[in-house]
Amino acid sequence: MIILYGSETGTAQDVAERIWRESKLLGIDASIKAMDDYTISNLIYEKIAIFVVSTTGQGDTPFNMKKSWRFLLRKNLPSNSLLNLRFGVLGLGDSSFVYFNVVAKRLAKRLKGLSAKPLCPIGLADDQHDLGQDAVLVPWINNLWEVLTSDGYQNNISRMTRLSSSPDLILRWNAEICQEMESNPIKINFGSGGKKYQVQLISNERTTPKEHFQDVRLIKFKSLEPNLEYYPGDVAIVMPENSVENVEKFLSLLSSPNREEKLFGDTVIKLENVYSEMPVPEALQHPFTLYECTKKFWDLNCSPRRYMFQVMAQVTDNELERDKLLELSSTEGQEELFNYCYRPRRTVLEVLRDFPHVMKDISLKHLFEMLQPIRPRHFSIASSPIADNDLQLLVAVVRYKTKLVAPRVGLCSTWLSSLYKGYQMEIAIRKGSLAFPVDSDTPVVMVGPGTGIAPFRSFILTDLALLKNLQKNQRELILFFGCRNMKADFHFENDLSRPEITLFTAFSRDQPHKIYVQHLLERNSNVIYNAIYKNNGYFFVAGSANNMPQAVRASLIKCLKKESGLSKQEIEKYISEMEMSKRFQSETWS
């Protein structure tokens, strides 16, 4: 059996590894790879393949499955190419996005078109569910094992001798303490598709008043390399670090007097492969210190996966803690897990502190099994490669309250806000979800509330700079911007108030009744109709997912229907055609 994943941020890889671990426990011989690390033409020889894929941007495939997907789409592939293949597809998505799990749906459809037969119905996991993606993952994976261990599939899967000494746990790597070895800095892995640059922070300015509910930062970097290159719509990829405070709290748990094997920040660790198909991550392939790993690799700020509770239950001999952990990791205990962990957004570090007997007994190899790596974060670049001499990011610092005493904070935004002038770091730059028509003079309508304005500022400043240099004709630039208060969070007010821009603003809290960008669209339906329908313009949306993208789309339909006299169905078809031709694009985040 082959398990293949297409993963942008690492979540799909995590789930694929989870399926791989469970296959080992069941004695099923399975291998695992990113789709583009696998020779996709070999699918014709496979009997069973499990695909775990996420959806990005405009319904795009993740970077590490693009090559494979292009191959599967070849028109010259015989329609019976995969006649002998049985497959399962598990999609990971977020239903607040327009393109919810579209990659998984397309993949399943294409596999069927090549005569492969599904083992079970497609699984469409949803981040918006109270229990997160586990609400779909757990029953889908359980059903998969029921199918594969049934009599009908016994001849299609290879059996193996169980390799783990533990009946309930598969440990991916061996972890050894090797103080005599010299440690190395952990290498940052930005994922697929980005070009790395060394940069230096030149300013970190709060753009909102101190009394405002949100701290928003305009952070500027200069490149320490001569060839920094980016375009409007590109994203900067940042790898954050845990706070010194949280690192010290975590290390204190591992060096406490009641631990038999005390671990300290300067403890040097070496990881070794256990399974050839599950190599040690590139970042950890050389000896490193526990401090370095805690600061730069393990995510102490995220909410733990259910699997973490399973691992914790395996390592403690305290009956009370073990029973609680088994409940939290069981199917029956999902409501309890939601109330304890997900509703209050309890972090990994907070959970570990709640189970002192686990921390007394836990070994290094179990820590590597249960703790998740820090994932790279993507930010739309707010500056222009032509008009600016630096690279700028507009960052909203995440901070909110739950029933827990300590406020919840975003790992990356909080870390970025703490950086000082002169700080040097590595970033990566790659193409984002938005592709602007830089060289044409076609009208462009942009809807960018809040920090969603960032990619549009990059495009507008670039477009106006090209116009000034007589490198292009003037086009109609129409911008709908929204925020709470004109005097508090009107980002880039001076840049956006230029006469070349037709600007519509919605300050939701500056009057008794709330006004949002979608209301402005409907009030100016003739402007939208002329730019989009009559002049074949482009329509872009960027900002927080929530309800905004759907509301904007619904308002666009109303505008075009009102002005054109066409039916709603005809307008929806027109917008679908706009999406196909990239005249309607969105970049949203949750």
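Numbers here mean position along the shown chain, with the first residue as 1.
Placement of Cβ uses the backbone N, Cα and C atoms for every residue, glycine included.
Summarising the annotation, TrEMBL assigns domain 'Flavodoxin-like' to 1-145.
The annotation FMN binding site is assigned in TrEMBL to Ser7, Glu8, Thr9, Gly10, Thr11, Ala12, Ser54, Thr55, Thr56, Gly57, Asp127. Thr11 (FMN binding site) falls within a helix when secondary structure is assigned with DSSP.
According to TrEMBL, the feature domain 'FAD-binding FR-type' maps to 194-437.
Positions annotated as FAD binding site by TrEMBL: Arg345, Arg377, His378, Phe379, Ser380, Gly410, Leu411, Cys412, Ser413, Trp589. Taken residue by residue with DSSP, Leu411 (FAD binding site) is part of a helix.
The NADP(+) binding site feature in TrEMBL is assigned to Thr451, Ser508, Arg509, Lys514, Ile515, Tyr516, Val517, Gln518. In the three-state DSSP scheme, Ile515 (NADP(+) binding site) is classed as coil.
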Return the single residue from the binding-site residues list (Leu411, Ile515, Val517) that has the minimum number of other CB atoms within 10 Å.
Ile515
Of the binding-site residues Thr9, Asp127, Ser380, which sits closest to Tyr516 (NADP(+) binding site) by Cα distance?
Ser380
Does anything in the same chain, at least 6 positions from Thr9 (FMN binding site), have a Cβ under 8 Å from its Cβ, and if so what?
Ser54, Gly191, Arg375, Pro376
Measuring Cα to Cα, how many angstrom lie between Thr56 (FMN binding site) and Ile515 (NADP(+) binding site)?
30
CB contacts for Ser380 (FAD binding site) [other CB atoms within 10 A, all chains]:
26
Widest Cα span across the FAD binders Arg345, Arg377, His378, Phe379, Ser380, Gly410, Leu411, Cys412, Ser413, Trp589, in Å?
26
